[in-house]
Amino acid sequence: MTKNQNFFQVGIILKTHGLKGELKVKSTTDFPTRFKIGSKLLIKSKSGDIPVEIAKSREQAGFWFITFKDLNDINQVEDFVGQTLFVTERNDQLEKDEFYVSDVVDLPVYTVNQEKYGKLKDVLKYGPNDVWVIENQAGKEILLPYTTDFIKSVDLVNQKIIIDLELYADES
């Protein structure tokens with residue numbers, strides 16, 4: 001989920017689908033509830049912000065197909081293709097060890113020995129585990145799966161991540 005001031009990106013509109021205003025959306029959020037019927041989203045476009053409400057939604061083949069309230073025709077939604085969908089608040093309840101990606105990207109990363117290693121550059125969504133892109137102090141990037149073997153703790157209060165590189169073959 002990408003942060004944009006007080007807006008949080010939840011999807012990208014890829015194309016229209018059919019003639020009745022349905023849109024194919026690539027989700028960029030871990031919270032499928034963002035696309036439930038009645039959800040209020042914001043389309044950020046060059047001409048300004050457009051508030052929309054989801055009237056219909058379904059997930060298929062890893063994409064969301066959504067229709068907005070009062071927009072029932074392809075001609076009303078064609079200009080939305082390529083635009084980004086945002087929410088204006090974070091209202092999903094997180095579990096104890098869950099966090100928003102936007103809260104951890106750029107956090108300093110330390111080893112289990114409390115030595116500064118670098119910072120978290122990005123979180124990639126692949127397969128069953130996220131993959132964390134960590135840049136060391138020399139500017140070299142390493143990829144670590146988000147598992148307890150490698151990521152020992154994420155401390156949002158003290159703004160730091162602790163990693164264990166013992167299993168990592170090349171930590172230089």
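Any Cβ shown, glycine's included, is placed from N, Cα and C.
Annotations in TrEMBL come from automatic prediction, not curation.
What TrEMBL says about this protein:
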type   : residues : note
DOMAIN : 9-90     : domain 'RimM N-terminal'
DOMAIN : 97-164   : domain 'PRC-barrel'
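Sorting the domain 'PRC-barrel' (97-164) by DSSP state (H, G, I as helix; E, B as strand; all else coil) yields 4 helix, 37 strand, 27 coil. The average pLDDT computed over the domain 'RimM N-terminal' (9-90) stands at 90.
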